[in-house]
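Contents: one structure, followed by commentary.
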Amino acid sequence: MQQNSTVTEFILLGLTQDPLKQKMVFIIFLVFYMGTVVGNTLIIVTIKFSRTLGGPMYFFLFYLSFADSCFSTSTAPRLIVDALSKKNIISYNECMTQVFALHLFGCMEVFVLIFMAVDRYVAICKPLHYPVIMRRQVCVILIIVAWIGSFLHSTTQIVLALRLPFCGPNLIDHYCCDLQPLLELACMDTHMINLLLVFNSGAICSSSFLILIISYFVILYSLRNHSAEGRKKALSTCTSHIIVVVLSFGPCIFIYARPPTTFSMDKMVTVFFTIGSPFLNPIIYTLRNAEVKNAMKKLWHVKIMTE
């Protein structure tokens, strides 16, 4: 990466400087990260090998779990390791790589959540056309579009980050590299870059959230014409999706869709956004989805019996 500064490394201040609290951070987030990896891997393996989870919704859930695992991995391991380190140094290139990975998988999660909303809309509002509209070829094309869109978004973030000159302090008051904390260290007027950041990341979060909320309102409104059993099943599925959407997009909008202002709660909001949400998603989808729970029981029961 072409470096536009005299700074070759940064020091991450992390969540706290207190030794006792750092040990607590290590234990708590190690548990969260392991739970995230195990939970999402369990969903990925179950969908991959289960014959009953071949529908479009589970196709997208597969990629949501994959994106969640990678999204959490882009920040959590370093936070855990740095909690026990005396000097949390990250090189310039590693910092830029973290920015790229954070936005690549974060944006992928946004795309997949939108596609899952589209899938539910077609399934509930256009049930007769559902097999044609949401056929496997269409789902594959949508995922390819999601990867391309995510790559373009994260590339834009890197281009903005590489334009920042760093010639002074290299202390990042955060536990990970992202454009907001890096803007505070840049020795230039960052007003225009911050506007581009809000227009890029902020607009993606806000517009996607608005589209998703409107789509789910349309879906819920259309349920009035369904049977009581159909409404119950659709409400259960949509409720899980809405919970995930709120948990994912709330912190995203708070962090990216605002003027250049730093709040004391920024770190904790980012923690929930990058670690808490990927940890909760598999719990929400498995606890509220009978088909996933039954598929898991059958799959792992068969594996235990064959062993």
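Note that Cβ sites are derived from N, Cα and C of the backbone, with glycine treated the same way.
According to TrEMBL:
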| type | residues | note |
| --- | --- | --- |
| TRANSMEM | 24-45 | transmembrane segment |
| DOMAIN | 39-285 | domain 'G-protein coupled receptors family 1 profile' |
| TRANSMEM | 57-80 | transmembrane segment |
| TRANSMEM | 100-118 | transmembrane segment |
| TRANSMEM | 138-162 | transmembrane segment |
| TRANSMEM | 198-223 | transmembrane segment |
| TRANSMEM | 235-257 | transmembrane segment |
| TRANSMEM | 269-287 | transmembrane segment |
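Listed as Cβ neighbours of the transmembrane segment (138-162) (distance under 8 Å, sequence separation of 6 or more from its ends, same chain) are residues 1-4, 56, 59-60, 63, 96, 99-105, 107-108, 111-112, 115, 179, 182, 193, 196-197, 200-201, 204. Contact between the transmembrane segment (269-287) and the transmembrane segment (198-223) is not supported: fewer than 3 Cβ pairs lie under 8 Å, counting only residues 6 or more apart in sequence. Take the transmembrane segment (235-257) and the stretches 24-45, 100-118, 198-223: counting Cβ pairs under 8 Å, 198-223 has the most. Mean per-residue pLDDT, taken over the domain 'G-protein coupled receptors family 1 profile' (39-285), amounts to 86.
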